[in-house]
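Structure first, then comments.
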Amino acid sequence: MTLTFYKYQGTGNDFVIIDNRQELFNKNDTKYVKFLCDRRFGIGADGLILLENHPDADFKMVYYNADGNESTMCGNGGRCIVAFAEFLGIFKNTTTFYAIDGLHHAKIEENLIHLQMKNVETIDTFTTHHFLDTGSPHHVQFVDNLKTFNVKAEGEKIRYGAPYNQAGSNVNFVEKINPNTFAVRTYERGVEDETLSCGTGVTAVAIAMYDSGESASNIINLNVEGGQLKVSFDKVEDTYKNVMLIGPATQVFKGEIEC
Ligand SMILES: N[C@@H](CCC[C@H](N)C(=O)O)C(=O)O
């Protein structure tokens, strides 16, 4: 049997995406998902996404990390699946879909995907870092010389260390470029390496920078290794609402693989 797949990337965070509306994909085969994401023996990706039917929305997103395990929300994957759903003709202009963290609204304007992320109420602030959940858990920490920083080695120590331990956290290292712009490099849990971009990660960085007074702007530019993203939000009392992750998402190729 052959499996048809699509490859997408959003600022260099890359995904295998499969139209699973007929529910033919075996969702419990962790080893097979890991194989599809393997860059040497499989197709190669940071994660795999299934597009499925949902009774109350245009579609449902199911996300797996490259290690083969289903995980929490993926912001760049969310932007890519919106582009894929539009390509399939599921919607025009605006859409709503379900992901593991609830309902998301999205639109496509001038080739950019605007994805509404979940509200953020809690930000834990420490002397060295911030921790918050933007759909996935994120540790946010300033470093000097981000360009030459060893993201994999330092990220791995934090991801597996206390208080995160085995459950882990994604780890974002940040440098301020100007009051509205931050450079970010992310170590991703479940990929267990640096990726070129992390959507929930830059969302966490933008909110943490505003919350800690590093930025007074509610529209923040994020420079990641794979390109540029924007995050906007409104702070209403103590909650960050209307959180939007904005950036490109591109179909790279379509293929078939034996399964
Ligand atoms: N690439 C992602 C985050 C994916 C989830 C993460 N690896 C986790 O398991 O927490 C993004 O763009 O948000």
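From the backbone N, Cα and C atoms, a Cβ is placed for every residue, glycine too.
The structure displayed is predicted, hence computed values, not measured ones.
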For the substrate site that TrEMBL gives with N13, N65, G75, N76, E188, R189, G199, T200, which of N170, N218, N221 also belongs there?
N170
Annotated substrate contacts N13, N65, G75, N76, N170, E188, R189, G199, T200, maximal Cα-Cα distance (Å, integer):
15
At a 10 A cut-off on CB-CB distances, which of the active-site residues C74, C198 has the highest count?
C198
Structural state of N13 (substrate binding site), classified by DSSP into three states:
strand
Could you work out which of the binding-site residues (N13, N170) has its C-beta surrounded by the smallest number of other C-beta atoms within 10 A?
N170
